[in-house]
Amino acid sequence: MAKLRVHELARELNMTNKVLLDKLQAMDLPTPVRSHMSSLDDDVVALVKASLVRPKAKSVVEKRIGTTVIRRRKKVVKPAEGGPEETAKPEEGAEEGVQEMDAAQESVSAPEAEKAPEPVAEKAPEPQKAAPAAEEPKAEEGAPAPEKAAPVQAKEEPEEAPQAEAKPAPPKKVDVTPPGDKAKIIAKPEPPQPAEPEPPKEEPAPVELPEEKQAVSAKAADTPAEPQEEPEAKPEIKAEAKAEEGAPEKPAEEPKAKEEQKAAPEDSKEEPKAEEPAQPAEDEKAEEKAKAPEEKEPAKSQEPQAAKEPSKEAPKPKGKKKKKKETAAKIISLPTRPVEPVVPPASRQKPAPQSPAGPGGPGGPGVPPQPRAPQDLGGDPAAKKEKRKKKGRRDGGTTEETDSKFFKKKISFRKKAVVEGADLYDKTPGKLRKGKKGGKAQPVRQQKTQTTTPKAIKRRIKIDEAIAVADLAKRLGIKAAELIKNLMGMGIMATVNQMLDYDTAVLLAAEFGYEVEKANFEEETVLKAEEDAPETLSNRPPVVTIMGHVDHGKTSLLDAIRESNVTGGEAGGITQHIGAYLVDSPRGRIAFLDTPGHEAFTAMRARGAQVTDIVILVVAADDGVMPQTVEAVNHSKAAGVPIIVAVNKMDKEGADPDRVMRELSDHGLVPEDWGGDTIFVQVSAKQRQGLDDLLEMVLLQAEVLELQANPDKLARGHVVEAKVDPGRGPVATVLIQEGTLHAGDVVVCGIHYGKVRAMYNEKRQPLDAAGPACPAEILGLSGVPMAGDEIIAVDDEKVAKQVSSHRAQKQRATELAKSSKLSLDNLFDQMQAGNVKDLNLIIKADVQGSIEALRESLEKLSGDEVKIHVVHAATGTVLESDVALAAVSNAIIVAFNVRPSPKVSDMAAEEHVDIRFYDIIYNAINEIKDAIVGLMESTYKEHVSGRAEVRDTFTIPKVGTIAGCYVTDGKVERHNQVRLLRDGVVIFDGKLSSLRRFKDDVKEVATGYECGMGIENFNDIKIGDVLELYYLEEIKPVLK
């Protein structure tokens, strides 16, 4: 067999390397062992196993060094050599009995009268510690002991049980047990009983229990105790009685070892409780005694009771009631109910748990079985009352029935009930739990509320045009973090307060199983348009819009019709505002709308086409069809409005009406002379020719259209233009389409509302009422409406305010949703366009239409390099707040037809804010273009001017290396950039520091001449290098 190492042997013997090394070094081995890697021969391994596996006997030497201190020392007794291990085991019981008698005799002389009432059955006796196999705990547990207390047995039962079953039962050792050990049973003797006798009732003992116990114990010490005469108050006696009933019950009772461990200290205290029921304060002390270390208890249990009796006098127990010494006599009272006879295990009462039977132990061969708990001996009513008082105390001892109830309660608290989802909401009776004392019922604690899916009708929510993330999460009943996570999955970076548009909210709600509906304010109900009865309708004047290209004579034509001079008041001779006029002709009234012809006023032309009945398209006979002419044609066709073409400037030389007809026919306007349906009228606004024919055609077309309206109802119309008048506040030019607007009516106009305080016509004359197709200026609105907003008269101002606030909220939420919606794609684009410059503008204009035209025209100028951002736009003069905003946002203020006050001008100068004033939109657009070009970076183009070859180098102190060169191509100029090439590779790129020919500085050197050149901050010039000279040409950007 191969040699074994120390660590392998330690693994076989189930011990650590260090412990085995210590044991090996203590043994006299032929070969010294130094570490766990040392090798051992076969004979050494056998010797070590024989010495270590065979347990050594121990004896405990005790010496009392004080009234309460006992010193114990273990004395190892080497077993006889050559004795086999198997033969030593049967002798252990007898050897233990002898050592128990010796140890008991040593402790007889120790006076410990006070310790007599201690719960002797709780602690282990000393003879167990003096067993021969006490060196190793596991070997000691397997060794049988003559008499063991209940707590120690309960701790060792799980290990004792298998060994006790495996070993053959040795002969009974009842006679071997000395009388001194039996004297430890402190209780009154009873007549002999069978295995489960029913004892007679016993009267409670007087308070001086310790003295009586001492007398009984002394009496028992003088005479050998018989097993059948042992009282039932001792738990060990009960265990013996149970074991005598039959050995087959022993394995069934072994699994209850842990229950005995908890219950044995309580059961052992039951009889003393009955004898002294008047001391409830000692229960806690008894529990402390039960938890004391085991080393102190054997000495108490071994002391002979006869020796303790003389040391105690009658008044002593009363004087020492408050100390821990007498706690064992005051734990619990004896039960008064009669004990039921022992029944089979299938009956209601469970058999008392027993300690496992082993050689020399309770219930084993040689020792009568000991019952687990004392029998019910009855008691007086006072004892019953005291028992009821202390029934619920944890630290007090209880009867077997009380113990079982306590453990059942404990188990019931740990029990977990499975509650179905439907039971959580089931409020039917019968789900209540009674209290500890049978009081009022307590409701069972419900589990956490489960998340349930609402019904389909509840999974439908209504939202406005936009909703915040937090509000949507609240509506859906989920956390906002879940919504944000889903938004990130959709590529949208959102916060809790960010606004979401309707479409995004629909997608999010669908993921959580909800349907979304638009919760529009019931404007349709409040502002419902009523259909007019035919008998209430009457003819109304036509609304005619004059459209055409710029400088084709639209306003001049209208002036000729109105016999006014509007053109003279226009800046630059062009119309920049939309105007509404009511003209009286011999055949009736006509409402005219004059629109600007400049390309910037597209929105104005579109608005005019929407509210008009007939469009007069003015085309100059000498100029023909222009881009804005085509645009006006498209607007009119989109609105479904008939067009009358007025060929103007027929008095000028070069007028060609046929050319106009040809070009317009290409756009779908075929004249009547050519078989079409478009009316062409040749006029001259300057000479006032053809005006009557034009008005006649307009009225004829109106008759064909049968224009009618109901004047006897609340007015409805559209805002043609709006502005802020310094003295009158917000002023809106409106065109009434149906109904009649009176002064004092409450109106809603876009997001604003108000009461009409005054009305004026185009000549600034006050009006009391404005009927259908009548333009008017109204005052009294809460703000400046947008051009094109619908104006509606209502009955109640409260309704108007409600509609206005709802519209304002919806508009604000929509703007927030657009501005704050940041997606991953947009973020990437912004990162890519990090070098894009922004030109911030603040637009202040006289009317809303001009602002609209300026904003659209300027934002079209944005390019890839410069973005135009309109920070703020409003009507009215430049205010201090505008200057402050411009200073913060680094913006330029564009003032169109407005002027600031001197105070504002001074503030702008202090804040270094640039204010630009314009009265013609052309100039504003051109200057903004120049500003954009100035912000754009120029490009540079490289031009090679010449090449020179280095033929020699010179080093000049404080100057550096000078290259003597020969110009081979082109010419060399002083301001050129130079590039040094060596073998075709660029070595350096910089500037010329000097250029000389001989000793003279020169500006340039032509081809075929030699010169000296110095390169700035570079001296590594070698013969054979080539110097390439070039210059950069700046190419300024051009705005497309």
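A Cβ is built for glycine as well, from the same backbone N, Cα and C atoms used for every other residue.
According to Swiss-Prot, the feature GTP binding site maps to 548-555, 594-598, 648-651, an assignment based on sequence analysis. Per Swiss-Prot, compositional bias 'Basic and acidic residues' is recorded for 112-126, 198-214, 231-300, 394-403. Among the features that Swiss-Prot reports, compositional bias 'Low complexity' is placed at 142-153. Marked as compositional bias 'Basic residues' by Swiss-Prot: 430-439. Look at Swiss-Prot and you will find 444-454 tagged as compositional bias 'Polar residues'. Among the features that Swiss-Prot reports, domain 'tr-type G' is placed at 539-706. Sequence annotations record features per position, and here Swiss-Prot assigns region 'Disordered' to 73-403, 427-456. According to Swiss-Prot, the region 'G1' annotation covers 548-555, on the basis of similarity to another entry. Look at Swiss-Prot and you will find 573-577 tagged as region 'G2', backed by similarity to another entry. The region 'G3' annotation in Swiss-Prot covers 594-597. Sequence annotations record features per position, and here Swiss-Prot assigns region 'G4' to 648-651.
Recorded features from Swiss-Prot, shown on the structure.
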residue	record	Cβ within 10 Å
G548	GTP binding site	28
D551	GTP binding site	16
K554	GTP binding site	28
T595	GTP binding site	29
M650	GTP binding site	20
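Broken down by DSSP into helix, strand and coil, the region 'G4' (648-651) contains 0 helix, 1 strand, 3 coil.
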